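Working notes, beginning with the structure itself.
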Amino acid sequence: MPPVLILLTLLLPLGAGAEEIIGGHVVKPHSRPYMAFVKSVDIEGNRRYCGGFLVQDDFVLTAAHCRNRTMTVTLGAHNIKAKEETQQIIPVAKAIPHPDYNATAFFSDIMLLKLESKAKRTKAVRPLKLPRPNARVKPGDVCSVAGWGSRSINDTKASARLREAQLVIQEDEECKKRFRHYTETTEICAGDLKKIKTPFKGDSGGPLVCDNKAYGLLAYAKNRTISSGVFTKIVHFLPWISRNMKLL
């Protein structure tokens, strides 16, 4: 299978191009009610898409590198290209990236989106729980990541329907070998070296879900690598998340 050609030398922010979940499967419609589709437009009118998840009725968590001038969130979607009755499209009132976010090394790649209005909870729209402060995932644990994206590395068209892939949590030492800027305090890496089944060049900000809780946010992948991805470790940022949601 030919390698994916990427412009950046070492690391690629996952939201920089077409959204892709490599491998995986289409999920049952509206079975992931926490998923958010984040659409943004920059000052030149260029559109960008990211993933995210509903953490509270009026807050969505996503990656900081998804920030843009104008942003809207679609909740309750399965087929993002269709006008589904379950969908709720809500403008973003304020984007709050973490103050320590570093765009070069992707440190603290996490952002809260305060919605202009509260989402209405339905069977298709529900928040996802966060882990407890002392909760941890360990190497070998199987988690999942979902998003709207391509079905293979040769497919340039985004999938209209929500897809999900199962990923295995990797050893921190192995992650450090693969990712130059990897920091175990604030990051988790997950994937499967034996299978092409991982997020790659898109779906930034989508949750790494383990035991029905969000343990990570999809951040970046290594150049020419489709076997693993790095996720911002949500547990580390719980105080910041809680503090900012209370302030707004």
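Glycine is treated like the rest: Cβ placed from N, Cα and C.
Straight from Swiss-Prot, the features:
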type: ACT_SITE; residues: H65; note: active site, charge relay system
type: ACT_SITE; residues: D109; note: active site, charge relay system
type: ACT_SITE; residues: S204; note: active site, charge relay system
type: DISULFID; residues: C50-C66; note: disulfide bond
type: DISULFID; residues: C143-C210; note: disulfide bond
type: DISULFID; residues: C175-C189; note: disulfide bond
type: DOMAIN; residues: 21-246; note: domain 'Peptidase S1'
type: CARBOHYD; residues: N68; note: N-linked glycosylation site
type: CARBOHYD; residues: N102; note: N-linked glycosylation site
type: CARBOHYD; residues: N154; note: N-linked glycosylation site
type: CARBOHYD; residues: N223; note: N-linked glycosylation site
type: SIGNAL; residues: 1-18; note: signal peptide
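Between the CA atoms of S204 (active site, charge relay system) and N68 (N-linked glycosylation site) there is a gap of 13 Å. Closest by Cα distance to N68 (N-linked glycosylation site), from the recorded positions C50, D109, C143, is C50.
Separation of the C-alpha atoms of C50 (disulfide bond) and H65 (active site, charge relay system): 9 Å, rounded to the nearest whole number. The recorded positions close to H65 (active site, charge relay system), defined as a CA atom within 10 A of its CA, are N102, D109 out of N102, D109, C143, C175, C189, C210. Closest in space to C210 (disulfide bond), of the disulfide-bonded residues given as C66, C175, C189, is C189, taking the CA atom of each residue. C210 (disulfide bond): 22 other CB atoms within 10 A of its CB, across all protein chains. Checking each of the recorded positions (C66, D109, C143, C189) against N102 (N-linked glycosylation site), the C-alpha distance stays within 10 Å for D109. Residue with the densest Cβ environment among the disulfide-bonded residues C50, C66, C143, C189: C50, by other Cβ atoms within 10 Å. Annotation: S204 carries the greatest number of neighbouring Cβ atoms among the recorded positions N102, S204 [cut-off 10 Å, Cβ to Cβ].
Using a 10 Å radius centred on the Cβ of H65 (active site, charge relay system) and all shown protein chains, the other Cβ atoms total 24. Secondary structure at C66 (disulfide bond), taken from DSSP and collapsed to helix, strand or coil, is helix. You'll find the Cα of D109 (active site, charge relay system) roughly 17 Å from the Cα of C175 (disulfide bond). Using Cα positions, the member of the disulfide-bonded residues C143, C175, C189 nearest to C66 (disulfide bond) is identified as C189.
In this structure the alpha carbons, written CA, of C143 (disulfide bond) and C175 (disulfide bond) are 17 Å apart.
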